[in-house]
Every structure is written in C-alpha cells, then in structure tokens.
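Here is what TrEMBL records for this protein:
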type: BINDING; residues: D56, A57, E58, Y59, D60, S105, L106, E143, R166, E202, K340, K364; note: NAD(+) binding site
type: ACT_SITE; residues: K145; note: active site, N6-AMP-lysine intermediate
type: REGION; residues: 264-284; note: region 'Disordered'
type: BINDING; residues: C458, C461, C482; note: Zn(2+) binding site
type: DOMAIN; residues: 639-719; note: domain 'BRCT'
Amino acid sequence: MGAGRPARRQPACAAGVFVKAGKDTRAAQEEIARLRVEIEQHNYRYYVEDAPSVSDAEYDGLMRRLEALEKDHPELVTPESPTQRVGATPLAAFGAVTHAVPMLSLGNAFDEEEVRAFDKRVTDTLRSSGQLGPAAEPDYFCELKLDGLAISLRYEDGKLAQAATRGDGQTGEDVTANIRTIRSIPLQLKAGAPRVLEVRGEVLMNRREFERLNEAQASRGEKVFVNPRNAAAGSLRQLDPKITAQRPLRFFAYGWGEVHGPAGRQAGKFDEPAPGTRETSTLPRDSHSAMLDWLGELGLPINTQHNRKARGADGLLDFYARVAKLRPTLAYDIDGVVYKVDSLPAQKVLGFVARAPRFALAHKYPAEEATTTLQDIEVQVGRTGAITPVARLQPVFVGGVTVTNATLHNEDEIRRKDVRIGDTVIVRRAGDVIPEVVGPVLEKRPADAREFRMVTACPVCGSAIERPEGEAIARCTGGLFCAAQRKQTLLHAAGRKALDIEGLGEKLVDQLVERGRVKSLADIYSLTVEELADYDRMGAKSAENLVHAIDKARKPTLGRLLFALGIRHVGETTARDVARHFGDMDAIMDASEEQLLEVADVGPAVAASIHRFFAEHHNRDIVHALRQQGVHPVAEAAARTGGFSGKTFVLTGTLPNWTREEATSHILAAGGKVSGSVSKKTAYVVAGAEAGSKLANAEKLGVPVLDEDGLKQLLGVRE
Ligand code: IVH
C-alpha cells in the first residue's frame, strides 16, 4: 500500500458535493451511524489488515455521503466520526499528561547468554514460587520490537479520550489531536470495552511510505527525515494536526496501562487488570496473549501476523533467528524482539526491577544504522562503465559487520542528501543490502567540509566521462578498453547466474587483467593449472578446481551464455526467453530488431540493445573466440513440464527448505514467472510460514495455494 493511499483517503472536505439529505433527522441519524461503521470497517481492512475491501472511489463515495449528511445535520457531528480525522486546529504547544500507570522500559539482551540468563531467572523464580512445576518451562509470548515511538491511548466509555507520548515514563505530551488522524486507531472501540482502558503500543511508519514521504518533502524543498522512526516522531509532534493527517502513520498495540470499570477506579496495571466489578470480570486475566486477542476484538491493531508463543530459552532463540531472517522483508523497521512471560499471574509474581519488568526482555538485533566520519568520496567504474561514487568511511560496526565503504549511488543523490567530505554521516546496512550513506548530521558539519566534484576522466583508463541528458548515471566511454569494465564484465560472466565458474573471484580477475593475461572472456578458457598456481592466493588444489570449473562452463545453457555476455537490459530471464525463442547463438546474433520483438516480454529497448551489441564486430569476435575455445552452449530446456509457460506464481512467507531465490529459479526453469502481487491472473500462490496478506488475497480470489512440497510436486522437482 502506498503513501499516496492514506493521503487520497483524506475526506475531501471541499468536495463540493452537497447532497440534501431529504430525510428527517431520524433517518439521517441512522444512515450516518451505518456509514460511520462501514467506513471504519474499510479503514480497518485497509490500514490494519492491508487488504482493502473496496476501491478508493467507493470509499470516497461513502465519505462524501457522510460529509453531506453531516453538513446537513451539524448537530449530529461527533468527535468519533471518520470525517473528523482530517486534523483539528493547530496547537500553540502540547499539554503535559501524567501517566496513571507509568510507561516503563525493557531490559535488553544482546546475545544468547543473556537470553538464557533471563529464562533461568524467570524459571527459577516461578518454580520456587510454585507458579511452575519443578520440571516445567515457562510459556512466553514473543513479539517484534517495533522501532517507532511508544504511545498510550486512553479510551473512556469506549471513546478515544486522550493520547500521550511516553515522555520520561511518568509524564508525556498530549498528542490527542494528532493521534486522532491515524486511521488504524479506532476512535470508538467495539462493544465490550471497560469504562477506562489505556492501550499501550507503538506508532510507526512503513519504510516504503517513509521513502515516498521523503521524496515528496525533497521535491517541495522541505526537510527530509533520516529514518522512519524519526519521520514518525516528527509527524506526531506536529503542532498542526492537519500535517500529521497527511503522514502515513500506523499503530500496533502491545499492552495496556490503566484499566477500570464503572464502579470506581480500580488499580489497573500493565500486569494487573482491574479485579471485581461485573464489567471488568470479562477482562482477560490469564495471559498476555489473551489480553492482546481481546484488544484485537475491541478493534485495535495487533501484530497477529508475527507474534508467536514459545517455550523455554530455545523457543525464544528460535523466534529471534526466524525473525532475523524476516527482518529485511518486513514493511517496517524493528530493532529487536520482545519476550514476555505469557501468564499474567506469573508476571505478577516476577514483578519489576527499577523501571523495567522482570517478566519481559528485549533481545536486540545489531543496529542497522550508525554514525561515522565520511573521509573521502571516490568513484568506482562498473561493468557498463557506470561511475558510482563510493564513500570511504571511518570504519564503523553496523548491521553486524564493520563497514568501511558505502555506496552514494550517483552525483544527484549526493547533492540531494547534501553529503560533504568531512561530514559525520549516518550509515545504514539492512540485511545483506549494500551499506549506504543515509545523510549527514548537519549539526556536526566541520567548517572545512568539502563538496564532491564528479571526475571528468575515467580514473582507471583516462577515457572521457559522459552523462547523457536526462540520465542520473555518468559513464566511462572506454568500453572494454577500460580495465575496470573488463574486470567487471569477467566477474559478471563468472557469476552464479551466468557461467557459474566457482573460484574465479575478484582478486584473481584483478591479477589476470592487470597482467594482461585475460583480455576477453574467451581467454579464461585457455588458463592452465600450472600457470594459475603462480598467481597470488592460488594453491595447486584451487588451481585444479578452477580449471575443472572452467571446463564445466564449456557447456552452459544458451540463456546463461547470452546473459554472461553482459548485454545492457538483458537480465537472466530475458536471456532465457530469447535463447528459447531462437534456439541457437547464430540466430540471435543475426536477428533483426523486429525478430527480437517477437519474443514475449522483449520490448523495444531490449531488442535495440541486443541488436546493437551484435552489430559490433568485437562482440561477435568474442562469441567466435569462445567457440574456438570449445564453448558450445546447450539448448535451453524448453519449459520443462510444458504447462508452465506464461503461468505466474507468487511467493509469500518463508518456505521450509528453499530460499526465495531457489524457488524462483525452479519456477523460471520450468517456464513460469514470479510476480510480487496476487491478482486473478495468478496461477498459484506458494505460501510458507508467516505468509501475509498475499495468502489472504489468494484465498479471496480463489487462486490455488501450494506449500513447498506441492510446488516441488507440480514442477516435478525431487530434492
Ligand atoms: S512492551 C513494560 N512490546 O520498546 C514495558 N515494547 O524499551 C512495556 N517497544 O518504549 C513495553 N515494541 O516503545 C513492548 N512489542 C513491544 C514493543 C515495545 C516496541 C518499545 C516501546 C518501549 C521500548 C521498551
């Protein structure tokens, strides 16, 4: 869901559609009530479940109808109406709110040992208090540690009465007007709410929506935010709620604060719901998980997709490892996971230490962002001559590794981020993604910070640098004359998706090119064990293995060989499609643009690029030289099982054995396609653990769903 959607879902105040209700107040009242329920249901489906049930146009229609009725009957407008989410009048300052039940923090663990120590403390205490049998292990509830900001929502008689930030834990700021604009937060709880209910949770912004917000901010010349947490905090601390209303904020509940029923105030706590009264007797008392379910039933967004029960320290560590794998695929940032003893009576026995509960623990992941000094900006030359500015950094530990270089993408990006040499910068490394410089810390900019100047000649071969009009990327014009481009071309050709020559890595390619031994791809095939053993870091055994790998690469599939040539715009899938269509290399080399356009999914840019490539003699020479070296591609397997050509698969969740890449390559090999979103045209959805809204969509649209075994069976793969 895009950032555009929340904005489009602003009720169009000046819609100008004035529909005279033409009914008496009673009828209007009924219709208004019906519309409000319906609109909030759509909000829930859209903002919480990520599964919209109506089109934007239908939604807008309902909203306009409600606005018109309310305009006609202003006496019927209530603060809970969805029309009131546009943002109230700006404030001069935020008021202070004293939390009835303090908002505590959590103890942290950074390694396995600390998690085991936590589990042991909990187990020992619960066993000695009789809460747990002598051999029993505690049940935990595991959640994601959302990287946003903590908020307390106070509902009175089911209506949102106040919202406050955590502040120092005792006193926070009153952000009610802003919180009311967040559409996933109910203004009115469903039936069954106690007289007072404080809900604790996290406000955050999805990464994609954060990026779009930043793009929009930058294009208006306004402040860009360094990360989603910052953007969420900045958006919530706006004195003008109309601005907050434009920001794509989300909320997840993870606990409660004060809770009491109508018979006077009861001592409600995070760990201790109010006892006694008839109304409160329906409160969940047994477990944290039941409490969350109950909050969900009241209409609050709960992270049901990822929360899990676990037993014992091993169960906790499993959860941690599983979420670590999911982390890069999540829509939002997390900085760890949280383990909570599930039993509420057990939580009570464990109690609190200082300002944190003894029954809960945050297990942190390595930070994905850190600050360091930008010592210099150098440029790298890629396979196609693209010049990429690279930041040389004071080494910094981020995302679990020490980072010394980070990409700055291109010249415009450096200007947009206003990064200068000498700056203190924020560096981000998420998952296995290449580290990048997020932006400078302006307060720390030294007086002598220098702006980056793009080189005018290639630092490797001295050829001119060109930056075509309208393109972001500057390129070295040296082609294969440029040693940097030659090296990258060879590395690309040796890559796993191309000729798959194991052992032909960067260090060796550098030496082969620098010594002038390898000038083009074909030269690789004449390397001998004896000469290779003479290269740095090459033992006799690795030389032998490499020559063996090279020999194996004399029979690549035609698609792989075509991909290995590194033609611009020709990725792995296109190469395979073209290979299947033409059947042999000569036919591809001689194909006209029109003939190339006959291949399904090949458009004009790709056809022109292939045609241009083979129009160059030196490129045809490479193919001939490869033949002379005994490289004879084998025909691309036709869509193996026949029936998958053109069929689209969608992968969701984590499969037990195959990685996403493995599943994708098996599907592609069988002639199928892989897409990121489910539609009526999807042939199959392949769902693993933690499958998300795509699975729900598949079920809704009646698309067949397979698990990993089902997929293997279908593809006829035995593994
Ligand atoms: S429980 C008694 N659960 O982490 C403490 N906190 O250091 C209640 N956070 O400021 C907190 N995700 O904003 C809890 N699933 C989660 C959380 C979570 C994020 C934040 C929270 C708090 C900080 C605790």
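Keep in mind that glycine also has a Cβ here, set from the backbone N, Cα and C atoms.
Those TrEMBL annotations? Automatic predictions, nothing curated.
Locations of recorded TrEMBL features on the structure.
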residue	record	DSSP class
D56	NAD(+) binding site	helix
L106	NAD(+) binding site	coil
K145	active site, N6-AMP-lysine intermediate	strand
R166	NAD(+) binding site	coil
K340	NAD(+) binding site	strand
C458	Zn(2+) binding site	coil
C482	Zn(2+) binding site	coil
>> When you rank K145, C458, C461, C482 by Cα distance to K340 (NAD(+) binding site), which of the recorded positions ends up on top as the closest?
In response: K145
>> If the criterion is a C-beta within less than 6 angstroms of any ligand 1 atom, which of the binding-site residues E58, D60, C461 pass it? List them in sequence order.
In response: none
>> Summarise the domain 'BRCT' (639-719) as counts of helix, strand and coil residues per DSSP.
In response: 27 helix, 16 strand, 38 coil
>> Quick check: with C458, C461, C482 left out, which same-chain residues have Cβ atoms within 8 Å of the centroid of the Zn(2+) site Cβ atoms?
In response: V381, G385, P459, V460, G462, S463, C476, G478, F481, A483, A484, Q485
> Just counting, how many other CB atoms are there within 10 A of the CB of D60 (NAD(+) binding site)?
Replying inline: 18
> Relative to the Cα of C458 (Zn(2+) binding site), which of the binding-site residues D56, E58, D60, R166 has the closest Cα?
Replying inline: D56
>> Quick check on the binding-site residues L106, C458, C482: which one has the highest count of other Cβ atoms within 10 Å of its Cβ?
In response: C458
>> Can you tell me how many other Cβ atoms are located within 10 Å of the Cβ belonging to R166 (NAD(+) binding site)?
In response: 19
> Between the recorded positions K145, C461, C482, which lies closest to D60 (NAD(+) binding site), Cα to Cα?
Replying inline: K145
> Among K145, K340, all listed as recorded positions, which has the most CB atoms within 10 Å of its CB?
Replying inline: K340
>> For a quick check of packing: other C-beta atoms within 10 Å of the C-beta of E58 (NAD(+) binding site), how many?
In response: 12
> Using C-alpha atoms, which one of the recorded positions K145, C461, C482 comes nearest to E58 (NAD(+) binding site)?
Replying inline: K145
>> Return the residues near C461 (Zn(2+) binding site) by Cβ distance under 8 Å, restricted to its own chain and a separation of at least 6 in sequence.
In response: C476, G478, F481, C482, A483, A484
> Using Cα coordinates, what distance in whole Å links L106 (NAD(+) binding site) and the residue listed as 'active site, N6-AMP-lysine intermediate'?
Replying inline: 10
> How long is the line from the C-alpha of D56 (NAD(+) binding site) to the C-alpha of K145 (active site, N6-AMP-lysine intermediate), rounded to the nearest angstrom?
Replying inline: 32
> So what's the average pLDDT for the domain 'BRCT' (639-719)?
Replying inline: 82
>> Using a 10 Å radius around its CB, how many other CB atoms surround D56 (NAD(+) binding site)?
In response: 13
